[in-house]
């Protein structure tokens, strides 16, 4: 997404001075944490000609250099780490339930929901590249201290609730692959060790970590593609499901779940930090434009793979369970057994294939959760800790409550379903606390300079962002209306809703020019009467 308007004309003297001040402060302030140390960043410049005239031309005009496949390869990586959030066990459970309940009729929504998620992630990348800071760091700079702490708390709650689902998904996969020998709580303990895997690989450089996730995604693609090929879903139903929008009251809840899964709050913080792993000089406009071009291409390619995997899972369960009695009770834990009974055989170990794919999804998403937690903690709190200590603290935030939850809810599948509902509610509540700061900051000229998004892009982005917020609001209303009973609890809920809405309104007004547009005419009118 290119900046709207002429770059040279879009930056006034105040904005240029502000940009220079930000650049100097980021280099001079020693206490500030940064997402990646200079030595850790990957050099993406390619020396082709010792003569500097070409670089001087790009610097003078602000134009990006010509496209290079080699540079695209060097920029490839952050988008694939970001794409893991579209493949976590929560998403896979939403896919299988959508397929079993609605068949192929919601595939069109899966396509458009992925496109919505791509737009949000492109904005996160734009923010990180143009400013040299991630979303958490910018929230620390732009908001008062009490707001910063509130946003940090919301981000941590979102990350922990997502991580509980991811860890339990991995534990279920371990239980499947061990043929029930290892219970859920033992799988949780084993999954906790991914923190040490993450630490050991990260020490060898960010490219090694990106390679690990590429392998994980390849395992998932292989597993679910094999299931898709062997079960032979209807090609006609698949194409019709992608091209013809259909929605009914019976499938509304599954539709809401598909849209709600595309926005993972901690993933927005993660992507805005990951793009800083490449060495880009924010003071050189052509380098920023070049990075934005390659990251846009890379992120789009990266999300094609999760879309195909989600499509495979949805169509497999649509083929096997749409219109059956099992569709009402199917979930992550019993899905593998249902698949084995329906499609399994001596030469097609579908239960093991499902377990391998689920384990790859859970393991990779928990590691990215640890990664995101470090950026969130460092950005909001500016803690100067060693990497192993930051990772251990972040991992403990999620693993300790997960072990408690696993021990408590290990007795029955229905208990895990209740837990999953409450975790979805927690994540739904947190969505605006990442989307609103992201959109308001990326629209602010004092933050983005010439790379702020234009009015048309702002309208489209606010429209796209409001959709999951409204949909999750509907889910919350439906959930609490069935769970809350009594006048006292109802009154407490009303107060909480009012406080929640007031805080969201504050976040919108705090970093936008709307108050100035509203109050400036009033002040001028008052001055005319004096």
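In case you wondered, yes, glycine gets a Cβ from its N, Cα and C as well.
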Annotated stretch (transmembrane segment, per TrEMBL) among the listed ranges 107-129, 130-152, 153-175: 107-129
Which listed span TrEMBL calls transmembrane segment, if the choices are 78-96, 211-229, 230-248: 211-229
Non-local residues, at least 6 beyond the ends, that sit with Cβ under 8 Å of the transmembrane segment (295-318): 1, 72, 75-80, 82-83, 86-87, 91-92, 95-100, 102-104, 106-107, 110-111, 114, 117-118, 121-122, 125, 129, 217, 220-221, 224-225, 227-228, 231, 233, 237-238, 271, 275, 330, 335, 339
Ranked first among 107-129, 180-199, 255-274 for CB pairs under 8 angstroms with the transmembrane segment (347-371): 180-199
Contact between the transmembrane segment (422-441) and the transmembrane segment (180-199) (3 or more Cβ pairs under 8 Å, separation 6+): no
Cβ-based contact of the transmembrane segment (453-475) with the transmembrane segment (107-129), 3 or more pairs under 8 Å: yes
